[in-house]
Amino acid sequence: MNQTETTPIRVRKNWKTSEIETLFDEQAGRIDPRIYTDEDLYQLELERVFARSWLLLGHETHIRKPGDYFTTYMGEDPVVVVRQKDASIAVFLNQCRHRGMRICRSDAGNAKAFTCSYHGWAYDTAGNLINVPYEAESFACLDKKEWSPLKARVETYKGLIFANWDENAIDLDTYLGEAKFYMDHMLDRTEAGTEVIPGIQKWVIPCNWKFAAEQFCSDMYHAGTTAHLSGIIAGLPEDLELADLAPPKFGKQYRASWGGHGSGFYIGDPNMMLAMMGPKVTSYLTEGPAAEKAAERLGSIERGTKIMLEHMTVFPTCSFLPGVNTIRTWHPRGPNEVEVWAFTVVDADAPDDIKEEFRRQTLRTFSAGGVFEQDDGENWVEIQHILRGHKARSRPFNAEMSMGQTVDNDPIYPGRISNNVYSEEAARGLYAHWLKMMTSPDWEALKATR
């Protein structure tokens, strides 16, 4: 892509709160396209969304032993994630306090300490400054306790590692709220929990991070129309006819009561799952001992064996597909680019052949070269390209689908539930929470919106 196509569009500075409040109109279902392109809004996102939200960093099985570490990002801030001797996890800014060079330049490994390659300042695995070259001769008054990198709060949920820079933010359990119920469809099917398949895929898409987060939060609509038709046909089992693959009409969409999280799923017909993940994975998830145990653990046959092709986003940038078992973080790289970091989880006690089949099918479908992943990326990239036009940014997008069709008292599913899986209720929830974060000066103000 031409370099100019990813250059930020700067059209104004110093957005006022009253102006930001006009960018999303939930009652009318209107989205101002400038939220996907404006550089000044993006800089405010880094401060008010990414510096204050619980962000997914990885899985606990990425760092099994003391000293195991990996490097990743919180927003655009690089961080180091390290397993401690007491089995806890430390997360700290990957920035030396001397001149700002990275403390750790490796993707992952095991270490007893980290040494900056520029001037040799060294830090222990908790991020504490422990050694400064020529300290006695040149830094007579240096208090090393004052010169450690910034440390983040760390909490986990059923194997997933989250971190937050804001000491005043609510705890992770409260932040996730009802979303935990839906996360469990992938994370808690067995008492053994989940483990990662080794390796993280990383690729860059020239589009705004919100397009990706919104689709995984709310958009079953594209899957039920034409976007993935060619990939579905390619994966069609020989004993199924195309006529058998009419998209299911029964399903639900979940919008968090507060927090911007969302999910959607079909209920019942496994044929679409067969076309996407093949008979081996589909059988494992819907029938036999593993499915029966999952149904018992999750509390119903429907939750354990009947939910198909679920999609979900935990606000802002943690997304996954239970059943496909891909988990990814959408790392923002300016208003016009996102870096995707994706990994696959499996039930820790699943047979080896099932784990291998999940690995193979996820690579085929939702990976850097996956058939469905490329469909999604093509749409997002083209939208972002079109939004370089002045007129293209001047008219609102429609987000009216299934407005006024939610209930708050579903007998099984918590949160605000739409009984029409083809809904944009969760998308409206995501943008409504984005707006709260962009217009709230601190977490005390955010708590008041709950």
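The backbone N, Cα and C atoms fix where each Cβ goes, glycine too.
Swiss-Prot lists 56-163 with the feature domain 'Rieske'. Here Swiss-Prot flags CYS96, HIS98, CYS116, HIS119 as [2Fe-2S] cluster binding site. The Fe cation binding site annotation in Swiss-Prot covers HIS222, HIS228.
On the 0 to 100 pLDDT scale, the model's mean across the domain 'Rieske' (56-163) is 97. Of all Cβ atoms in the shown protein chains, 14 besides its own fall within 10 Å of the Cβ of HIS98 ([2Fe-2S] cluster binding site). When other Cβ atoms within 10 Å of the Cβ of HIS222 (Fe cation binding site) are tallied across all protein chains shown, the result is 14. HIS119 ([2Fe-2S] cluster binding site) sits 52 Å from HIS222 (Fe cation binding site), taking the CA atoms of both as reference points. When the alpha carbons of CYS96 ([2Fe-2S] cluster binding site) and HIS222 (Fe cation binding site) are compared, the span between them is 45 angstrom. On the backbone, the CA of HIS98 ([2Fe-2S] cluster binding site) and the CA of HIS222 (Fe cation binding site) stand 49 Å apart.
A simple Cβ count within 10 Å picks out one of the binding-site residues CYS96, CYS116 as the most packed, and that one is CYS96.
DSSP assignment over the domain 'Rieske' (56-163) gives 11 helix, 45 strand, 52 coil.
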